[in-house]
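Feature annotation from Swiss-Prot assigns Zn(2+) binding site to C333, H384, H510; the stated evidence is sequence analysis. For 1-61, the entry in Swiss-Prot reads domain 'TGS'. Among the features that Swiss-Prot reports, region 'Catalytic' is placed at 242-533.
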Amino acid sequence: MPVVTLPDGSRREFDHPVTLLQVAEAIGPGLAKAALAGRVDGRLVDLSHRIEADAEVALVTARDADGVEVIRHSTAHLLAQAVKALYPKAQVTIGPVIQDGFYYDFSYERPFTPEDLEAIEAKMHELAAQALPVERRTMPREEAIAYFRSLGEAYKAEIIEAIPRGEVISLYSQGDFTDLCRGPHVPDTGRLNAFKLMKIAGAYWRGDSRNEMLQRIYGTAWGDRKDLAAYLQRLEEAERRDHRKLGKALDLFHMQEEAPGMVFWHPKGWILWQEIEQYMRRVFRDNGYQEIRTPLVVARTLWERSGHWEKFSDEMFTTASEERDYAIKPMNCPCHVQVYNQGLKSYRDLPLRLAEFGSCHRNELSGALHGLMRVRGFTQDDAHIFCTEEQIQDEVSRFIDLLFKVYADFGFSEVQIKLSTRPEKRVGSDEVWDKAEHALETALNAKGLAWDLQPGEGAFYGPKIEFSLKDCLDRVWQCGTIQVDFSMPDRLGATYVAEDGARHVPVMLHRAILGSLERFVGILTEHYAGQYPLWLAPVQAVVLNITDRQADYAREVAQEFVSKGFRVIADLRNEKVGFKIREHSMQRVPYLLIVGDKEVEAGSVSLRTRDGKDHGSFGIGDLVAKFTEETMKRAVSH
């Protein structure tokens, strides 16, 4: 008879096979009421799952991440049930869990409208209130295909036909609705009470543009209404911070149909972009990197030798000239190897760090483009380190220190780290992989950093570490990476003369801290809601005169700051000073320097910040010193 071991180490003995729900009931009525699913020997299963042998068991509630995932999966089924109830001719396809929610794709004779979305959500609440039991059953493969065909659900039948023979076909039913699913699911629809449908979008069946366009309904679901309300509030704040809106409002950039996925930088936006580039250029210079520049258009033959043509040719922009095929480079690494290959290299030359603000282009699908976050033309703070196997750990350690310093300077303190190790298909010996993985792991552990292991998620050419920023809305952005490459230097003929006089192939470390500069501008803009710290602000201060009598003095003050290297302008328009203050505050200018007759006489300015606070009178020299200190410290106030 089964003995159940709980997470706290305690044991429960039963004299007969039991379900997970019965285990929960044996522990207490509160847990039985709260339980949604459970893990049996690590596998997530329904509460109806029978335990017939000794097992380790953990009950899952809405407070657990697993519980929220089960809720979202079950809410996707609830959505499909509501759609079928309201629109019987609609066909259901797939409905997975995604970050913060779920979606379900439907085939229907007409587009769903916002009014339809409201009706569907209302129907979902109605079905949830009925607390319909959710029941699992299995069915033979051919019988399941025939069952869904009899319902007119051709997509479901096609999905089952693609499932390998021998796999269990499980169905879940609630009320008069049945869906194909592995599960697990909540025990009844009454557990689903914190959800909202978000939007409708198009999606091709199986993600193939040659197939039918389906209608995708997105939704979100949470463990309780409080979490749902908090999420919706975060969405509202994210909407307010949307870099596309702020880009227009602050006159930073625009994009247009004639160049999809390409950025038209305006003067203010280009200042911001250049400040980031110049900062990273100093980082390169101060940390032993040599900056290079490589061609934008390179012959197909190089991409074939590097292996990129075989894997990425669909994502390349190509052209031809004089009977030769060319590609606009989608990445910089093969070109960096060409620079390395010029001249004989010795072990004394290593590590060799080559950096480039490399302009790259990738032919992303138009539907995937999203402002600055997903573009076709972008610039990377790209660098490649050529080193020996013995130097990997030290170079990775140096890079990690540098990355955290850079992120801190931009105002990011929370960084998530993932280490990805060898996949099944890979190049290089196990011995070399052992060394590389050990070097990355040791470098992380030596700094006391928390990190997650992703077994098998490394590239075919080597293991990697990924670094993701967490912004003020707790969103995670993967920006930094360092990847070990055993393949490309060999493919492209890179060698060095070792201490023994023989030629060896160097290891190549691909590394970036910010990634795409365009994307990083988008991240910064949303993180700060356009209120950039002084050192990054396109306009750092505006001098405002109250009347025409102070115009000449206002010009002199602005020029004094400009001569010290600050981006300061004078607004001498014949407008009320209150109007000018509001306008420049809305433009997120960090400092407003107001001058009236009193300030002219004293040789000072009255200082206001964009948050509306009055900081009193400052002499010009004192304020220049304040700006200098704040810029040097890269303070993130205001």
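Backbone N, Cα and C define each Cβ position, glycine as well.
Feature annotations (Swiss-Prot) mapped to structure.
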{"residue": "C333", "record": "Zn(2+) binding site", "Cβ neighbours (10 Å)": "20"}
{"residue": "H384", "record": "Zn(2+) binding site", "Cβ neighbours (10 Å)": "26"}
{"residue": "H510", "record": "Zn(2+) binding site", "Cβ neighbours (10 Å)": "22"}
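Note: the Zn(2+) site is recorded as C333, H384, H510; in the same chain, M331, N332, H336, D382, A383, Q483, D485, M488, M508, L509, R511 also have Cβ atoms within 8 Å of that site's Cβ centroid.
Sorting the domain 'TGS' (1-61) by DSSP state (H, G, I as helix; E, B as strand; all else coil) yields 14 helix, 23 strand, 24 coil. This prediction places the mean pLDDT of the domain 'TGS' (1-61) at 93.
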